[in-house]
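Student: Under the heading Fe cation binding site, Swiss-Prot lists 111, 115, 301. Residues or ranges marked as substrate binding site in Swiss-Prot: 133, 134, 135, 136, 137, 166, 179, 183, 273.
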């Protein structure tokens, strides 16, 4: 099946053409980072307007780069949710319009489902496995028993880890988005220079909390006579990142042991973080388990990642009608398509 995928859940307008849920023929991502940087975060109204501006040229570019026409597209997968409602509506409206005009089967895919299956574009992982999804809006642990079969084990009770990175970067005067810059500066610092808390580290649940860590950074900065720079800034970034990674690793290890799983998948934008990738590799080596972390190009928001689930659903005859709408909130364990799959 040649599938067109469309993603507009936040601040990237993306489209991709993928064959048989594996072979990426094209993947186009138009980022709005520069647009939102001056506001220190994503402005929903601006994001929606930018999606409206870019959706048609992005889809056209994806088709051109793949060397296919709309007449050759056999299915359309689109991010239905969760995300910014106005942004989602742009992608869903485009997908429904193409499906109607060209009589192409359509399916809505969960954004997080895309992230946790993104690595399948490189190499499928046998089920069941544990999935850690870390991004600007999510920090979730799932047990995955098959495509469409997800059970949540733990989630953040406040800030997502990517949000904590961006807010900390703002406190440090690094601008938005600052996660990648903190990661780069951390590589030159000492992870033990500043003792930051590890929220919920010893809590029996598999939930996360990062708002307190962000507050701890603010408290530390208020005690300093000047804005940190140079080696001091590097140490602060390294110490913050060490705290984040320790919490993520400990909770992930606890989930693996609780569920008796031998395979781990890490996805989402924060999976680009070099410190986290290294920490998870160390965990996998120590526990002798299989680890999959997609290449960075598949970690951030993109449309190609939707094709794995989209192709599986459409191939099994699971499709949505034109009454399908975008939804800002949509728990992954309520996707409930697995009963229709072989």
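Don't overthink the numbers, they just go from 1 along the chain as shown.
The backbone N, Cα and C atoms fix where each Cβ goes, and this holds for glycine too.
Please situate the listed features within the shown structure.
Tutor: The DSSP secondary structure for residue 301 (Fe cation binding site) is coil.
Under 8 Å, Cβ to Cβ, and six or more positions away along its own chain, residue 179 (substrate binding site) finds 162, 165, 166, 169, 269, 270, 273.
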Student: Counting across all protein chains present, how many other Cβ atoms fall within 10 Å of the Cβ of residue 115 (Fe cation binding site)?
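Tutor: The answer is 30.
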Student: For the Fe cation site (111, 115, 301), what does the 8 A shell look like? I mean other same-chain residues with CB within 8 A of the CB centroid.
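Tutor: Going along the sequence, the neighbours appear as 7, 9, 79, 112, 114, 135, 268, 269, 302, 305.
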Student: Sorry to bug you, but what's the C-alpha spacing from residue 115 (Fe cation binding site) to residue 133 (substrate binding site), rounded to the closest Å?
Tutor: 7
